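Have a look at the structure below, then the notes.
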Amino acid sequence: MSDNDDIEVESDEEQPRFQSAADKRAHHNALERKRRDHIKDSFHSLRDSVPSLQGEKASRAQILDKATEYIQYMRRKNHTHQQDIDDLKRQNALLEQQVRALEKARSSAQLQTNYPSSDNSLYTNAKGSTISAFDGGSDSSSESEPEEPQSRKKLRMEAS
């Protein structure tokens with residue numbers, strides 16, 4: 001943020017040349033006071049934006065130090081959250097792949113039930129493993145599955 005952001009300051013060059021030296025000095029002092037007030041307000045705004053400084057009286061150096069610490073902390077936190085999002089996306093893709101494989105195994109098991117074989121209780125899934133007709137195509141035990149089917153949730157993708 002530069003000194004010129006959000007502030008309208010008249011320059012000395014915009015004034016007519018016929019002003020006295022005292023008028024020029026007064027005008028220059030007013031512009032300088034306005035610039036200093038803007039800087040002061042900006043430091044107060046920055047101080048109030050940093051949680052560890054809110055409402056405290058702090059020097060400009062302390063405000064800058066704490067603001068720097070807070071920005072670094074938030075960057076680390078954002079990086080960690082982005083890693084979590086990436087991990088969840090990978091996990092979601094893996095789970096969706098497993099769901100598709102199980103649905104495919106279930107549909108192939110249902111097709112095989114239409115063609116009676118010598119043993120109607122065992123079928124072969126897409127991986128070539130033998131499964132029970134009562135298994136639903138799952139390679140895991142039924143003890144680990146929830147009693148109610150969980151609805152699939154889509155991961156909301158945000159533009160980054």
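Note that Cβ sites are derived from N, Cα and C of the backbone, with glycine treated the same way.
Among the features that Swiss-Prot reports, compositional bias 'Acidic residues' is placed at 1-13.
The compositional bias 'Basic and acidic residues' annotation in Swiss-Prot covers 29-40. Mapped onto DSSP classes, the compositional bias 'Basic and acidic residues' (29-40) shows 12 helix, 0 strand, 0 coil.
Annotation comment: Swiss-Prot describes 107-132 as compositional bias 'Polar residues'.
Residues or ranges marked as domain 'bHLH' in Swiss-Prot: 23-74.
According to Swiss-Prot, the N-acetylserine annotation covers Ser2.
The N6-acetyllysine annotation in Swiss-Prot covers Lys66 (among others). Sequence-distant contacts of Lys66 (N6-acetyllysine), defined by Cβ-Cβ distance under 8 angstroms and a gap of at least six in the same chain, are Val50, Ser52, Leu53, Ala58.
Per Swiss-Prot, the feature N6-acetyllysine maps to Lys153 (among others).
Feature annotation from Swiss-Prot assigns N6-acetyllysine to Lys154 (among others); the stated evidence is experimental evidence.
Annotation source Swiss-Prot lists motif 'Nuclear localization signal' at 152-156. Looking only at the motif 'Nuclear localization signal' (152-156), the predicted model's pLDDT averages out at 53.
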Helix, strand and coil residues within the domain 'bHLH' (23-74) as assigned by DSSP: 45 helix, 0 strand, 7 coil
